[in-house]
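Here's the structure, in structure tokens; my notes come after.
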Amino acid sequence: MLKGAVTALITPFDDNGAIDEKAFCNFVEWQITQGINGVSPVGTTGESPTLTHEEHKRIIELCVEQVAKRVPVVAGAGSNSTSEAVELAKHAEKAGADAVLVVTPYYNRPNQRGLYTHFSSIAKAISIPIIIYNIPSRSVIDMAVETMRDLCRDFKNIIGVKDATGKIERASEQREKCGKDFVQLSGDDCTALGFNAHGGVGCISVSSNVAPKLCAQLHAACLCSDYKTALKLNDLLMPLNRAVFIEPSPAGIKYAAAKLGLCGTIVRSPIVPLSDTTKKIIDEALYHAGLLKE
């Protein structure tokens, strides 16, 4: 079962704005050596909205090759076009991804029947597991717990959810409707601790781009019901969890990664570089977590 800390990987770019393949592979390797439980390329944090389909597919291929089955690869395969999502999911399966992460369609605002149709089409097209990505703040729509229940009941490869609603009670509601084996991963570092207490089994994390060891330790503690240890780790990470979202992501987490020498800060427009004020707050958060030393 997929569980623990799974990094929503950033996509490093070179000075010309092209994908820095060497930096990406080195970054994935560092994540694994730091003890991360899984990686998720080409999601929101990976700047999927500004990647071409060719770049999207290439990153998945690079990630699968670098990981070499040491941890699960949960490849982003979302689109607001069902046919495009099916194409991306098929490619991820062919490339060797262990699962796909599929966001609810954004902008065109389908109803619950439309959501069911979208995800059922993808489930019929591939055999690897599907994680539903429910993030109303970005997609405008919220998948109802009942729709999720129907999808996991009707399609055995729809196995879980990345829940970025920020509502920790959702974990209990989804556990009740979808069953105890339904894989519930938080999509929000700030509320992941509480989400886990309600039945979650980990987080697809932004902060773990720079703090994979701490994040893995936090979620391991949760899985062992050691919430005293988890709370101490959460206290270390909370300023970072907040700071990297002061300005539109992933500018903040890329800046943090650059401070640790992991990649450059370049983001693709319309995301823009950070203000000096935000940089200072992120620096302070990195010191607080012990990731930067005086």
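Placement of Cβ uses the backbone N, Cα and C atoms for every residue, glycine included.
Because the structure is a prediction, the values reported are computed rather than measured.
Swiss-Prot annotations:
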| type | residues | note |
| --- | --- | --- |
| ACT_SITE | TYR133 | active site, proton donor/acceptor |
| ACT_SITE | LYS162 | active site, schiff-base intermediate with substrate |
| BINDING | THR45, ILE204 | pyruvate binding site |
| SITE | THR44 | site 'Part of a proton relay during catalysis' |
| SITE | TYR107 | site 'Part of a proton relay during catalysis' |
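Here TYR107 (site 'Part of a proton relay during catalysis') comes close to ASN80, SER139, VAL140: these same-chain residues lie at least six apart in sequence, with C-beta atoms under 8 angstroms from its C-beta. The C-beta environment of TYR133 (active site, proton donor/acceptor), restricted to residues of the same chain at least 6 apart in sequence and closer than 8 Å, consists of GLY43, GLY78, LEU101, VAL102, VAL103, THR104, VAL161, LYS162, ALA164, GLY187. Between the recorded positions THR44, LYS162, LYS162 has the most other Cβ atoms inside 10 Å of its own Cβ, all protein chains included. Each of the binding-site residues THR45, ILE204 was scored by the other Cβ atoms within 10 Å of its Cβ; the lowest score goes to THR45.
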